[in-house]
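Feature annotation from Swiss-Prot assigns active site, nucleophile to 382. For 507, 509, the entry in Swiss-Prot reads active site, with the evidence type sequence analysis. Summarising the annotation, Swiss-Prot assigns ATP binding site to 16, 17, 18, 19, 20, 21, 73 and lists sequence analysis as the type of evidence. The feature Mg(2+) binding site is assigned by Swiss-Prot to 73, 141. Residues annotated as domain 'Glutamine amidotransferase type-1' in Swiss-Prot, with sequence analysis given as evidence: 292-534.
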(Lines of atoms letter the chains of each structure in order from A; the text may use other names.)
(Lines give C-alpha, C1' and ligand atoms only; values in the text may rest on other atoms or scores of the structure.)
Protein backbone atom coordinates (compact mmCIF):
# COMPACT_ATOMS: atom_id res chain seq x y z
CA UNK A 1 0.00 0.00 0.00
CA UNK A 2 2.86 2.39 0.76
CA UNK A 3 3.75 2.73 -2.92
CA UNK A 4 0.32 4.14 -3.78
CA UNK A 5 -0.45 7.83 -3.41
CA UNK A 6 -3.82 9.01 -2.09
CA UNK A 7 -5.57 12.29 -2.83
CA UNK A 8 -8.66 13.30 -0.85
CA UNK A 9 -10.96 15.97 -2.29
CA UNK A 10 -13.26 17.81 0.11
CA UNK A 11 -15.67 20.67 -0.47
CA UNK A 12 -16.70 23.75 1.45
CA UNK A 13 -19.16 26.66 1.57
CA UNK A 14 -21.90 25.09 -0.59
CA UNK A 15 -22.60 21.79 -2.30
CA UNK A 16 -22.49 21.27 -6.07
CA UNK A 17 -19.42 23.45 -6.56
CA UNK A 18 -17.58 20.97 -8.73
CA UNK A 19 -15.74 18.57 -6.42
CA UNK A 20 -16.63 15.69 -8.70
CA UNK A 21 -15.55 17.34 -11.92
CA UNK A 22 -12.41 18.68 -10.24
CA UNK A 23 -11.50 15.19 -9.01
CA UNK A 24 -12.28 13.68 -12.42
CA UNK A 25 -10.26 16.33 -14.24
CA UNK A 26 -7.29 15.81 -11.92
CA UNK A 27 -7.49 12.06 -12.51
CA UNK A 28 -7.54 12.58 -16.26
CA UNK A 29 -4.51 14.91 -16.08
CA UNK A 30 -2.48 12.45 -14.00
CA UNK A 31 -3.40 9.63 -16.37
CA UNK A 32 -2.27 11.80 -19.29
CA UNK A 33 1.15 11.85 -17.61
CA UNK A 34 1.31 8.05 -17.52
CA UNK A 35 0.00 7.28 -14.03
CA UNK A 36 -2.48 4.51 -13.22
CA UNK A 37 -5.36 6.34 -11.56
CA UNK A 38 -8.63 5.26 -9.96
CA UNK A 39 -11.37 7.47 -8.48
CA UNK A 40 -13.73 6.92 -5.59
CA UNK A 41 -16.75 8.74 -4.14
CA UNK A 42 -17.85 8.73 -0.50
CA UNK A 43 -21.56 9.53 -0.14
CA UNK A 44 -22.60 10.32 3.43
CA UNK A 45 -26.27 9.34 3.12
CA UNK A 46 -27.58 6.28 4.97
CA UNK A 47 -29.09 4.65 1.89
CA UNK A 48 -27.10 1.56 0.96
CA UNK A 49 -27.06 2.81 -2.62
CA UNK A 50 -29.06 5.38 -4.63
CA UNK A 51 -31.02 2.72 -6.53
CA UNK A 52 -34.41 3.52 -4.99
CA UNK A 53 -33.87 7.27 -4.46
CA UNK A 54 -36.02 9.87 -6.21
CA UNK A 55 -34.14 11.34 -9.20
CA UNK A 56 -35.24 14.82 -8.12
CA UNK A 57 -33.32 14.32 -4.86
CA UNK A 58 -30.29 12.46 -6.10
CA UNK A 59 -30.07 12.88 -9.86
CA UNK A 60 -29.00 10.08 -12.14
CA UNK A 61 -28.21 6.59 -10.87
CA UNK A 62 -25.05 5.58 -12.72
CA UNK A 63 -24.62 1.83 -13.28
CA UNK A 64 -21.13 0.32 -13.42
CA UNK A 65 -19.94 -2.72 -15.38
CA UNK A 66 -20.22 -4.93 -12.29
CA UNK A 67 -23.81 -3.85 -11.65
CA UNK A 68 -23.42 -1.31 -8.87
CA UNK A 69 -25.99 1.49 -8.68
CA UNK A 70 -23.89 4.53 -7.88
CA UNK A 71 -23.65 8.30 -7.68
CA UNK A 72 -23.68 10.30 -10.91
CA UNK A 73 -20.14 11.51 -10.19
CA UNK A 74 -18.91 8.04 -11.17
CA UNK A 75 -20.12 8.92 -14.66
CA UNK A 76 -17.83 11.94 -14.65
CA UNK A 77 -14.99 9.75 -13.41
CA UNK A 78 -15.44 7.14 -16.14
CA UNK A 79 -15.86 9.71 -18.91
CA UNK A 80 -12.76 11.68 -17.92
CA UNK A 81 -10.59 8.65 -17.16
CA UNK A 82 -11.94 6.62 -20.10
CA UNK A 83 -11.89 3.56 -17.85
CA UNK A 84 -14.53 1.35 -16.25
CA UNK A 85 -14.94 1.61 -12.49
CA UNK A 86 -16.60 -0.82 -10.10
CA UNK A 87 -18.64 -0.95 -6.93
CA UNK A 88 -15.60 -0.19 -4.74
CA UNK A 89 -15.56 3.28 -6.28
CA UNK A 90 -18.79 4.30 -4.52
CA UNK A 91 -19.05 4.04 -0.75
CA UNK A 92 -22.11 5.16 1.21
CA UNK A 93 -22.64 5.52 4.94
CA UNK A 94 -25.39 2.92 4.62
CA UNK A 95 -23.12 0.35 3.00
CA UNK A 96 -20.41 0.90 5.63
CA UNK A 97 -22.82 0.52 8.55
CA UNK A 98 -24.43 -2.50 6.86
CA UNK A 99 -21.05 -4.24 6.70
CA UNK A 100 -20.07 -3.35 10.27
CA UNK A 101 -23.44 -4.36 11.74
CA UNK A 102 -23.36 -7.63 9.76
CA UNK A 103 -19.96 -8.41 11.25
CA UNK A 104 -21.22 -7.60 14.72
CA UNK A 105 -24.17 -9.97 14.25
CA UNK A 106 -21.79 -12.73 13.14
CA UNK A 107 -19.69 -12.20 16.24
CA UNK A 108 -16.64 -11.05 14.31
CA UNK A 109 -15.87 -8.39 16.94
CA UNK A 110 -15.80 -10.98 19.75
CA UNK A 111 -18.25 -9.12 21.95
CA UNK A 112 -16.54 -5.74 21.77
CA UNK A 113 -18.55 -2.52 21.91
CA UNK A 114 -18.93 -1.44 18.28
CA UNK A 115 -18.30 2.29 17.82
CA UNK A 116 -17.81 4.89 15.10
CA UNK A 117 -14.14 4.98 16.09
CA UNK A 118 -12.53 2.56 15.39
CA UNK A 119 -15.00 0.22 13.71
CA UNK A 120 -16.73 2.52 11.23
CA UNK A 121 -13.58 4.48 10.42
CA UNK A 122 -11.60 1.26 9.98
CA UNK A 123 -14.14 -0.03 7.45
CA UNK A 124 -13.93 3.26 5.54
CA UNK A 125 -10.14 3.09 5.49
CA UNK A 126 -10.23 -0.54 4.37
CA UNK A 127 -12.30 0.44 1.33
CA UNK A 128 -9.78 3.10 0.39
CA UNK A 129 -6.93 0.64 0.73
CA UNK A 130 -8.61 -2.10 -1.31
CA UNK A 131 -9.08 0.30 -4.21
CA UNK A 132 -5.41 1.28 -4.13
CA UNK A 133 -4.05 -2.14 -5.04
CA UNK A 134 -2.32 -2.10 -8.44
CA UNK A 135 -2.84 1.67 -8.83
CA UNK A 136 -0.38 4.54 -8.61
CA UNK A 137 -2.89 7.13 -7.43
CA UNK A 138 -6.28 6.90 -5.70
CA UNK A 139 -8.43 10.06 -5.76
CA UNK A 140 -11.30 9.99 -3.26
CA UNK A 141 -14.02 12.63 -3.24
CA UNK A 142 -15.83 13.21 0.07
CA UNK A 143 -19.47 14.02 -0.66
CA UNK A 144 -21.28 16.86 1.03
CA UNK A 145 -19.76 19.94 2.60
CA UNK A 146 -17.25 20.28 5.42
CA UNK A 147 -19.28 20.82 8.58
CA UNK A 148 -22.08 18.42 7.67
CA UNK A 149 -22.65 16.02 10.56
CA UNK A 150 -23.08 13.12 8.12
CA UNK A 151 -19.56 13.53 6.73
CA UNK A 152 -17.68 13.45 10.02
CA UNK A 153 -16.82 9.71 10.08
CA UNK A 154 -15.37 9.99 6.57
CA UNK A 155 -13.31 13.06 7.45
CA UNK A 156 -12.01 11.36 10.59
CA UNK A 157 -11.10 8.29 8.53
CA UNK A 158 -9.10 10.26 5.98
CA UNK A 159 -7.39 12.15 8.81
CA UNK A 160 -6.25 8.84 10.29
CA UNK A 161 -5.34 7.45 6.89
CA UNK A 162 -2.44 9.88 6.46
CA UNK A 163 -0.76 8.45 9.53
CA UNK A 164 -1.54 4.88 8.47
CA UNK A 165 0.18 5.07 5.07
CA UNK A 166 2.72 7.83 5.70
CA UNK A 167 2.29 11.57 5.41
CA UNK A 168 4.26 11.75 2.16
CA UNK A 169 1.71 9.47 0.50
CA UNK A 170 -1.42 11.56 1.15
CA UNK A 171 -2.59 14.89 -0.21
CA UNK A 172 -5.65 16.90 0.83
CA UNK A 173 -7.31 19.05 -1.82
CA UNK A 174 -10.14 21.37 -0.75
CA UNK A 175 -12.59 22.85 -3.28
CA UNK A 176 -14.22 26.07 -2.13
CA UNK A 177 -16.39 28.85 -3.49
CA UNK A 178 -15.36 32.48 -3.79
CA UNK A 179 -18.57 34.44 -4.39
CA UNK A 180 -18.78 37.78 -6.14
CA UNK A 181 -20.95 40.24 -4.21
CA UNK A 182 -22.56 42.63 -6.65
CA UNK A 183 -23.20 45.37 -4.07
CA UNK A 184 -19.55 45.38 -2.97
CA UNK A 185 -18.21 44.87 -6.47
CA UNK A 186 -15.65 42.31 -5.36
CA UNK A 187 -14.93 38.65 -4.69
CA UNK A 188 -15.27 37.65 -1.05
CA UNK A 189 -12.83 35.23 0.60
CA UNK A 190 -14.51 34.94 4.00
CA UNK A 191 -16.55 31.78 3.16
CA UNK A 192 -13.36 30.01 2.05
CA UNK A 193 -11.55 31.19 5.18
CA UNK A 194 -14.26 29.71 7.40
CA UNK A 195 -14.38 26.51 5.37
CA UNK A 196 -10.66 25.82 5.66
CA UNK A 197 -10.74 26.77 9.33
CA UNK A 198 -13.49 24.22 9.95
CA UNK A 199 -11.46 21.57 8.14
CA UNK A 200 -8.40 22.29 10.28
CA UNK A 201 -10.54 21.96 13.41
CA UNK A 202 -11.14 18.38 12.30
CA UNK A 203 -7.42 17.74 12.07
CA UNK A 204 -7.06 18.13 8.30
CA UNK A 205 -4.92 20.90 6.86
CA UNK A 206 -5.52 21.20 3.12
CA UNK A 207 -2.42 21.11 0.94
CA UNK A 208 -4.11 22.65 -2.11
CA UNK A 209 -7.14 24.92 -2.44
CA UNK A 210 -9.17 24.94 -5.66
CA UNK A 211 -11.20 28.13 -5.64
CA UNK A 212 -14.36 28.27 -7.74
CA UNK A 213 -15.55 31.65 -9.01
CA UNK A 214 -17.57 33.07 -11.86
CA UNK A 215 -14.74 35.42 -12.85
CA UNK A 216 -10.93 35.56 -12.68
CA UNK A 217 -9.35 35.44 -9.22
CA UNK A 218 -6.58 38.03 -8.99
CA UNK A 219 -3.22 37.71 -7.27
CA UNK A 220 -4.32 39.80 -4.29
CA UNK A 221 -7.27 37.51 -3.61
CA UNK A 222 -5.06 34.43 -3.97
CA UNK A 223 -2.59 35.84 -1.42
CA UNK A 224 -5.39 36.54 1.03
CA UNK A 225 -6.79 33.02 0.66
CA UNK A 226 -3.30 31.54 1.05
CA UNK A 227 -2.70 33.55 4.23
CA UNK A 228 -5.87 32.42 5.98
CA UNK A 229 -5.82 28.94 4.44
CA UNK A 230 -2.25 28.30 5.61
CA UNK A 231 -0.97 27.29 2.16
CA UNK A 232 1.51 28.73 -0.31
CA UNK A 233 0.12 31.18 -2.88
CA UNK A 234 1.00 28.70 -5.64
CA UNK A 235 -1.24 26.17 -3.90
CA UNK A 236 -4.31 28.37 -4.43
CA UNK A 237 -5.64 27.19 -7.80
CA UNK A 238 -8.23 29.45 -9.47
CA UNK A 239 -11.09 27.61 -11.19
CA UNK A 240 -13.26 29.98 -13.16
CA UNK A 241 -16.55 28.75 -14.63
CA UNK A 242 -15.88 26.95 -17.91
CA UNK A 243 -17.91 26.90 -21.15
CA UNK A 244 -18.12 23.08 -21.04
CA UNK A 245 -17.16 20.30 -18.67
CA UNK A 246 -14.43 19.27 -21.06
CA UNK A 247 -12.67 22.64 -20.77
CA UNK A 248 -12.05 22.01 -17.08
CA UNK A 249 -8.99 19.69 -17.33
CA UNK A 250 -7.28 22.14 -19.68
CA UNK A 251 -8.13 25.05 -17.39
CA UNK A 252 -6.77 23.28 -14.30
CA UNK A 253 -3.70 22.15 -16.23
CA UNK A 254 -3.11 25.75 -17.26
CA UNK A 255 -3.31 26.74 -13.59
CA UNK A 256 -0.64 24.16 -12.77
CA UNK A 257 -2.77 21.81 -10.66
CA UNK A 258 -1.40 18.48 -11.90
CA UNK A 259 2.22 19.63 -11.76
CA UNK A 260 1.69 20.92 -8.22
CA UNK A 261 0.09 17.65 -7.10
CA UNK A 262 2.99 15.59 -8.44
CA UNK A 263 5.51 17.92 -6.81
CA UNK A 264 3.83 17.66 -3.41
CA UNK A 265 3.60 13.86 -3.68
CA UNK A 266 7.25 13.59 -4.71
CA UNK A 267 6.42 12.00 -8.07
CA UNK A 268 8.10 12.57 -11.44
CA UNK A 269 6.23 14.89 -13.81
CA UNK A 270 6.46 13.54 -17.38
CA UNK A 271 4.76 15.73 -20.02
CA UNK A 272 0.97 15.63 -20.15
CA UNK A 273 -0.34 14.18 -23.41
CA UNK A 274 -3.42 16.29 -24.05
CA UNK A 275 -3.48 16.58 -27.86
CA UNK A 276 -6.62 14.46 -28.33
CA UNK A 277 -8.43 16.27 -25.53
CA UNK A 278 -7.58 19.66 -26.98
CA UNK A 279 -8.92 18.44 -30.32
CA UNK A 280 -12.17 17.43 -28.63
CA UNK A 281 -12.57 20.87 -27.06
CA UNK A 282 -11.84 22.57 -30.38
CA UNK A 283 -14.56 20.50 -32.05
CA UNK A 284 -17.06 21.31 -29.32
CA UNK A 285 -16.39 25.03 -29.56
CA UNK A 286 -16.00 25.11 -33.32
CA UNK A 287 -19.34 23.51 -34.24
CA UNK A 288 -20.88 25.61 -37.01
CA UNK A 289 -24.10 23.62 -37.33
CA UNK A 290 -26.87 22.75 -34.91
CA UNK A 291 -29.54 20.06 -34.71
CA UNK A 292 -32.51 19.96 -32.35
CA UNK A 293 -33.40 16.80 -30.46
CA UNK A 294 -36.69 16.53 -28.58
CA UNK A 295 -35.91 14.70 -25.33
CA UNK A 296 -38.99 13.10 -23.79
CA UNK A 297 -39.00 12.36 -20.05
CA UNK A 298 -40.79 12.99 -16.78
CA UNK A 299 -37.95 14.30 -14.58
CA UNK A 300 -37.00 17.12 -16.93
CA UNK A 301 -37.03 19.80 -14.20
CA UNK A 302 -33.74 18.28 -13.00
CA UNK A 303 -31.60 17.46 -16.00
CA UNK A 304 -29.03 15.78 -13.72
CA UNK A 305 -31.54 12.90 -13.69
CA UNK A 306 -30.39 12.19 -17.26
CA UNK A 307 -26.82 13.47 -17.05
CA UNK A 308 -25.14 10.63 -18.96
CA UNK A 309 -27.64 11.02 -21.82
CA UNK A 310 -26.84 14.72 -22.09
CA UNK A 311 -23.12 13.99 -22.17
CA UNK A 312 -23.49 11.12 -24.67
CA UNK A 313 -25.33 13.46 -27.05
CA UNK A 314 -22.59 16.03 -26.59
CA UNK A 315 -19.93 13.41 -27.39
CA UNK A 316 -21.79 12.41 -30.56
CA UNK A 317 -22.23 16.05 -31.52
CA UNK A 318 -18.49 16.59 -31.18
CA UNK A 319 -17.83 13.62 -33.47
CA UNK A 320 -20.09 15.15 -36.15
CA UNK A 321 -18.93 18.70 -35.37
CA UNK A 322 -22.48 19.84 -34.66
CA UNK A 323 -24.05 21.30 -31.56
CA UNK A 324 -26.95 19.24 -30.26
CA UNK A 325 -29.66 21.53 -28.92
CA UNK A 326 -31.82 19.67 -26.41
CA UNK A 327 -35.53 20.48 -26.38
CA UNK A 328 -36.80 19.02 -23.09
CA UNK A 329 -40.39 17.79 -23.34
CA UNK A 330 -42.52 16.77 -20.35
CA UNK A 331 -44.16 13.53 -21.43
CA UNK A 332 -47.32 14.39 -19.47
CA UNK A 333 -47.89 17.37 -21.77
CA UNK A 334 -48.10 15.35 -25.01
CA UNK A 335 -50.45 12.52 -24.07
CA UNK A 336 -52.72 12.97 -27.11
CA UNK A 337 -51.67 12.69 -30.78
CA UNK A 338 -52.40 16.31 -31.71
CA UNK A 339 -50.42 17.71 -28.76
CA UNK A 340 -47.50 15.44 -29.63
CA UNK A 341 -47.51 16.46 -33.30
CA UNK A 342 -47.69 20.15 -32.45
CA UNK A 343 -44.94 19.96 -29.80
CA UNK A 344 -42.53 17.72 -31.73
CA UNK A 345 -42.97 19.20 -35.20
CA UNK A 346 -39.64 20.54 -36.46
CA UNK A 347 -37.47 18.36 -34.22
CA UNK A 348 -34.57 16.71 -36.04
CA UNK A 349 -34.75 13.70 -33.73
CA UNK A 350 -36.82 12.23 -30.89
CA UNK A 351 -35.21 10.58 -27.87
CA UNK A 352 -37.45 8.83 -25.34
CA UNK A 353 -35.80 8.41 -21.97
CA UNK A 354 -35.79 5.64 -19.40
CA UNK A 355 -37.79 5.70 -16.19
CA UNK A 356 -40.08 3.78 -13.86
CA UNK A 357 -43.79 4.05 -13.09
CA UNK A 358 -46.94 4.88 -15.02
CA UNK A 359 -46.84 8.69 -14.95
CA UNK A 360 -46.25 10.21 -18.40
CA UNK A 361 -46.30 6.88 -20.25
CA UNK A 362 -48.99 7.79 -22.80
CA UNK A 363 -47.02 10.90 -23.77
CA UNK A 364 -43.95 8.78 -24.43
CA UNK A 365 -46.05 6.42 -26.55
CA UNK A 366 -47.33 9.36 -28.61
CA UNK A 367 -43.75 10.59 -29.09
CA UNK A 368 -42.75 7.18 -30.47
CA UNK A 369 -45.81 7.21 -32.72
CA UNK A 370 -44.93 10.65 -34.05
CA UNK A 371 -41.35 9.58 -34.83
CA UNK A 372 -42.52 6.38 -36.53
CA UNK A 373 -45.19 8.05 -38.67
CA UNK A 374 -43.18 11.15 -39.60
CA UNK A 375 -39.90 9.35 -40.35
CA UNK A 376 -38.11 11.36 -37.66
CA UNK A 377 -34.98 9.66 -36.22
CA UNK A 378 -35.85 7.91 -32.96
CA UNK A 379 -33.72 6.58 -30.12
CA UNK A 380 -35.38 4.84 -27.18
CA UNK A 381 -33.43 4.04 -24.03
CA UNK A 382 -34.53 1.13 -21.81
CA UNK A 383 -38.17 2.11 -21.18
CA UNK A 384 -37.88 4.09 -24.43
CA UNK A 385 -37.46 0.80 -26.29
CA UNK A 386 -40.39 -0.77 -24.45
CA UNK A 387 -42.50 2.27 -25.33
CA UNK A 388 -41.67 1.80 -29.02
CA UNK A 389 -42.76 -1.85 -28.80
CA UNK A 390 -46.04 -0.94 -27.09
CA UNK A 391 -46.83 1.78 -29.65
CA UNK A 392 -46.04 -0.52 -32.56
CA UNK A 393 -48.12 -3.32 -31.07
CA UNK A 394 -51.15 -1.06 -30.66
CA UNK A 395 -51.05 0.90 -33.89
CA UNK A 396 -49.37 -1.41 -36.40
CA UNK A 397 -49.69 -5.00 -35.19
CA UNK A 398 -53.34 -4.56 -34.24
CA UNK A 399 -52.92 -5.55 -30.60
CA UNK A 400 -55.49 -3.18 -29.13
CA UNK A 401 -54.73 -1.95 -25.59
CA UNK A 402 -51.30 -3.60 -25.63
CA UNK A 403 -49.22 -2.47 -22.69
CA UNK A 404 -46.61 -3.38 -20.11
CA UNK A 405 -47.73 -5.15 -16.96
CA UNK A 406 -45.74 -2.49 -15.10
CA UNK A 407 -48.47 0.00 -16.06
CA UNK A 408 -51.52 -2.23 -16.53
CA UNK A 409 -51.60 -5.65 -14.92
CA UNK A 410 -54.90 -6.41 -16.67
CA UNK A 411 -53.78 -5.56 -20.21
CA UNK A 412 -55.07 -8.10 -22.75
CA UNK A 413 -51.73 -7.97 -24.56
CA UNK A 414 -48.76 -7.80 -22.16
CA UNK A 415 -46.12 -7.21 -24.83
CA UNK A 416 -43.79 -6.11 -22.02
CA UNK A 417 -43.74 -8.24 -18.90
CA UNK A 418 -41.67 -8.74 -15.77
CA UNK A 419 -38.80 -11.18 -15.93
CA UNK A 420 -39.91 -14.53 -14.44
CA UNK A 421 -37.15 -14.57 -11.81
CA UNK A 422 -38.25 -11.14 -10.47
CA UNK A 423 -41.86 -12.02 -9.65
CA UNK A 424 -42.61 -11.27 -5.99
CA UNK A 425 -39.22 -9.69 -5.28
CA UNK A 426 -38.90 -6.46 -3.28
CA UNK A 427 -37.38 -3.31 -4.76
CA UNK A 428 -33.72 -2.57 -4.07
CA UNK A 429 -30.90 -4.44 -5.72
CA UNK A 430 -33.23 -6.86 -7.54
CA UNK A 431 -33.03 -5.73 -11.16
CA UNK A 432 -31.01 -6.95 -14.08
CA UNK A 433 -27.97 -4.81 -13.44
CA UNK A 434 -24.57 -4.35 -15.02
CA UNK A 435 -22.92 -5.51 -18.22
CA UNK A 436 -24.39 -8.30 -20.35
CA UNK A 437 -23.52 -9.50 -23.86
CA UNK A 438 -25.78 -8.72 -26.81
CA UNK A 439 -25.64 -10.59 -30.13
CA UNK A 440 -26.47 -8.45 -33.17
CA UNK A 441 -28.36 -9.71 -36.20
CA UNK A 442 -26.28 -9.21 -39.39
CA UNK A 443 -27.62 -6.74 -41.93
CA UNK A 444 -29.62 -4.70 -39.42
CA UNK A 445 -29.27 -1.05 -38.46
CA UNK A 446 -27.83 -2.11 -35.10
CA UNK A 447 -25.13 -4.22 -36.76
CA UNK A 448 -24.21 -1.38 -39.13
CA UNK A 449 -24.06 1.20 -36.35
CA UNK A 450 -21.91 -0.96 -34.07
CA UNK A 451 -19.81 -2.64 -36.75
CA UNK A 452 -19.64 -5.73 -34.53
CA UNK A 453 -21.30 -9.10 -33.96
CA UNK A 454 -21.38 -9.07 -30.15
CA UNK A 455 -21.34 -6.07 -27.82
CA UNK A 456 -21.50 -5.69 -24.04
CA UNK A 457 -23.86 -3.12 -22.56
CA UNK A 458 -25.10 -2.07 -19.12
CA UNK A 459 -28.61 -2.76 -17.89
CA UNK A 460 -30.97 -1.49 -15.19
CA UNK A 461 -34.48 -2.90 -15.55
CA UNK A 462 -36.99 -5.52 -14.41
CA UNK A 463 -39.24 -5.82 -17.46
CA UNK A 464 -38.56 -7.41 -20.86
CA UNK A 465 -40.21 -7.89 -24.24
CA UNK A 466 -42.65 -10.77 -23.84
CA UNK A 467 -41.44 -13.62 -26.06
CA UNK A 468 -45.03 -14.74 -26.64
CA UNK A 469 -45.49 -11.66 -28.85
CA UNK A 470 -42.20 -11.60 -30.71
CA UNK A 471 -43.46 -13.50 -33.76
CA UNK A 472 -46.56 -11.34 -34.30
CA UNK A 473 -44.54 -8.15 -33.87
CA UNK A 474 -41.88 -9.32 -36.32
CA UNK A 475 -44.53 -10.29 -38.86
CA UNK A 476 -45.86 -6.72 -38.63
CA UNK A 477 -42.42 -5.27 -39.41
CA UNK A 478 -40.56 -4.86 -36.13
CA UNK A 479 -36.99 -6.18 -36.15
CA UNK A 480 -35.42 -7.54 -32.97
CA UNK A 481 -31.86 -6.89 -34.04
CA UNK A 482 -30.13 -7.56 -30.74
CA UNK A 483 -30.71 -10.38 -28.27
CA UNK A 484 -28.96 -12.15 -25.44
CA UNK A 485 -26.59 -14.82 -26.80
CA UNK A 486 -29.16 -17.55 -26.12
CA UNK A 487 -31.83 -15.55 -27.96
CA UNK A 488 -34.20 -15.46 -24.98
CA UNK A 489 -34.04 -11.74 -24.16
CA UNK A 490 -34.63 -8.87 -26.58
CA UNK A 491 -31.91 -6.23 -26.30
CA UNK A 492 -32.52 -4.04 -29.38
CA UNK A 493 -35.64 -3.34 -31.44
CA UNK A 494 -35.77 -1.38 -34.70
CA UNK A 495 -38.10 -0.71 -37.63
CA UNK A 496 -37.38 -1.81 -41.17
CA UNK A 497 -37.89 0.91 -43.77
CA UNK A 498 -37.51 3.80 -41.32
CA UNK A 499 -34.50 6.16 -41.74
CA UNK A 500 -33.41 5.59 -38.13
CA UNK A 501 -35.70 4.06 -35.51
CA UNK A 502 -34.01 2.02 -32.80
CA UNK A 503 -34.44 1.27 -29.12
CA UNK A 504 -32.17 -0.48 -26.65
CA UNK A 505 -33.20 -2.36 -23.51
CA UNK A 506 -29.83 -1.37 -22.06
CA UNK A 507 -28.36 2.05 -21.25
CA UNK A 508 -25.78 2.94 -23.92
CA UNK A 509 -25.25 6.37 -22.36
CA UNK A 510 -23.25 4.82 -19.52
CA UNK A 511 -20.51 3.69 -21.91
CA UNK A 512 -20.15 6.82 -24.04
CA UNK A 513 -16.84 8.64 -23.66
CA UNK A 514 -15.75 12.09 -24.88
CA UNK A 515 -13.14 10.65 -27.25
CA UNK A 516 -15.16 7.49 -28.02
CA UNK A 517 -18.83 8.41 -28.51
CA UNK A 518 -21.22 5.49 -28.18
CA UNK A 519 -22.17 4.04 -31.59
CA UNK A 520 -25.93 4.36 -30.98
CA UNK A 521 -25.67 8.03 -30.05
CA UNK A 522 -23.23 8.72 -32.85
CA UNK A 523 -25.57 7.04 -35.33
CA UNK A 524 -28.60 8.86 -33.93
CA UNK A 525 -27.01 12.32 -34.11
CA UNK A 526 -25.78 11.53 -37.63
CA UNK A 527 -29.34 10.62 -38.61
CA UNK A 528 -30.63 13.84 -37.02
CA UNK A 529 -28.11 15.82 -39.04
CA UNK A 530 -29.22 14.06 -42.20
CA UNK A 531 -32.87 14.80 -41.43
CA UNK A 532 -32.10 18.45 -40.74
CA UNK A 533 -30.13 18.83 -43.96
CA UNK A 534 -32.88 17.19 -45.99
CA UNK A 535 -35.46 19.55 -44.48
CA UNK A 536 -33.18 22.59 -44.80
CA UNK A 537 -33.19 23.11 -41.02
CA UNK A 538 -29.46 23.04 -40.22
CA UNK A 539 -28.65 26.26 -38.37
CA UNK A 540 -25.65 27.86 -36.72
CA UNK A 541 -25.45 27.60 -32.90
CA UNK A 542 -26.67 30.62 -30.97
CA UNK A 543 -23.80 33.00 -30.21
CA UNK A 544 -22.32 32.90 -26.74
CA UNK A 545 -24.37 29.92 -25.58
CA UNK A 546 -22.85 27.71 -22.88
CA UNK A 547 -23.88 24.25 -21.80
CA UNK A 548 -24.09 25.23 -18.17
CA UNK A 549 -20.98 23.29 -17.13
CA UNK A 550 -18.75 24.57 -14.40
CA UNK A 551 -15.58 23.47 -12.76
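Backbone N, Cα and C define each Cβ position, glycine as well.
Looking at residue 20 (ATP binding site) and the residue listed as 'active site, nucleophile', their Cα atoms lie 27 Å from each other.
When Cβ neighbours within 10 Å are tallied across all protein chains shown, the highest count among the binding-site residues 16, 21 belongs to 21. The residue listed as 'active site, nucleophile' and residue 507 (active site) are 6 Å apart (CA-CA, integer value).
Shown in sequence order, 11, 22, 23, 76, 141, 175 are the same-chain residues outside 16, 17, 18, 19, 20, 21, 73 whose Cβ sits within 8 Å of the Cβ centre of the ATP site. Residue 17 (ATP binding site) and residue 509 (active site) have their C-alpha atoms 24 Å apart, to the nearest angstrom. Neighbour count (other Cβ atoms within 10 Å of the Cβ, all protein chains): 23 for residue 18 (ATP binding site). Spacing of residue 16 (ATP binding site) relative to residue 141 (Mg(2+) binding site) is 12 Å (Cα to Cα, whole number). Of all residue pairs in the ATP-binding list (16, 17, 18, 19, 20, 21, 73), the one with the greatest Cα separation is 12 Å apart.
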